[in-house]
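Student: Mind looking over this structure? Questions follow.
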Ligand SMILES: Nc1nc2c(ncn2[C@@H]2O[C@H](COP(=O)(O)OP(=O)(O)OP(=O)(O)O)[C@@H](O)[C@H]2O)c(=O)[nH]1
Ligand SMILES: *[C@@H]1O[C@H](CO)[C@@H](O)[C@H](O)[C@H]1NC(C)=O
Ligand SMILES: *[C@@H]1O[C@H](CO)[C@@H](O)[C@H](O)[C@H]1NC(C)=O
Ligand SMILES: [Mg+2]
């Protein structure tokens, strides 16, 4: 009897915290309807508490890497929380892809197709001008300089993913890419941390953008700010984005292959106007603007700097670059499998020290 009472209390606790409704969430439905045969709830498997999802953009050919990333985040975090996943692709995922990804996690996994209108180069883009730009960048050995799909991807991640119907029902997202690694146990729910502490955007690695991909970006940002001073936040991160009080771009940006952020910020007036303004220049195609500088500049100017969070405790690896928690206590508590000596934080190519300097200023 005592056991049953305790169980009902736990179930009620879940109910009151449970902010997402819908048929997808089978754990919840089983808990609330079937009391006789339900086993004791496993206290390590708490139900999730925020309106959040993982989000991954991937190609069918990214299958093995997608599996590794999801397996990794399940082991270090999500098997205790059960947050859902949304995977998007501009062509349908194959049955094999869906089958192999779905078996990794008991969480709901939704597979979506991106509409052509959100993905491909708009028809008002001057293809002659765009292809000349690609040729030039190719000759200059700019990474992905001659790629159209890469440009589609950057523009999609800048201005469209959060409008996809499968993401509409969520506020928070955690961006995953194929083949990333999580080095440490993530003991505190980062979504909950963001919500409780009034954070909007977060990062683990900050670095410099390649000059040749954004020749005119800062000029257009400046024009936008002059036209819309009302969107600029007090106590923003301008001194991270510019070392010349706004005259020039530092090229510092948050590395957006990892993001935990609030999609309602991207959906809001400031960012919508900003993205539309940038998009209308055509420079996602005539140059090669990345979603990382675009997101970072917006977060840096339209948010207070204290709404942007550096996740020290999330050990993260993308390609050769990693963030490994530097404080020993954090590293030990996370049982981290990374070498602190390899952390990118204070590498010459890192912008973390510029971020630290901004955060240590009083306002
Ligand atoms: N569906 C789809 N996804 C793509 C395409 N290009 C890239 N992606 C995804 O978009 C994300 C970023 O692409 P990446 O190729 O990793 O780009 P990157 O991280 O800037 O560059 P790398 O340093 O090479 O990893 C990843 O999640 C890819 O799986 C594409 O043409 N179609
Ligand atoms: C989750 O967030 C989205 C976007 O803000 C919102 O439309 C939706 O109603 C929210 N769902 C719940 C259950 O709060
Ligand atoms: C900006 O910082 C100052 C000084 O700390 C503070 O008084 C003010 O309220 C802050 N403004 C906003 C919008 O948070
Ligand atoms: Mg990548």
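The backbone N, Cα and C atoms fix where each Cβ goes, glycine too.
Where the annotation comes from TrEMBL, it is an automatic prediction and has not been curated.
Remember, it's a predicted structure, so these values are computed and weren't measured experimentally.
What TrEMBL records for this protein is below:
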type	residues	note
SIGNAL	1-23	signal peptide
ACT_SITE	259	active site, nucleophile
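Explain the structural surroundings of these features, please.
Tutor: In sequence order, 173, 174, 175, 201, 202, 203, 295 are the residues near residue 259 (active site, nucleophile), counting only same-chain partners six or more apart with C-beta under 8 A. In the three-state DSSP scheme, residue 259 (active site, nucleophile) is classed as strand.
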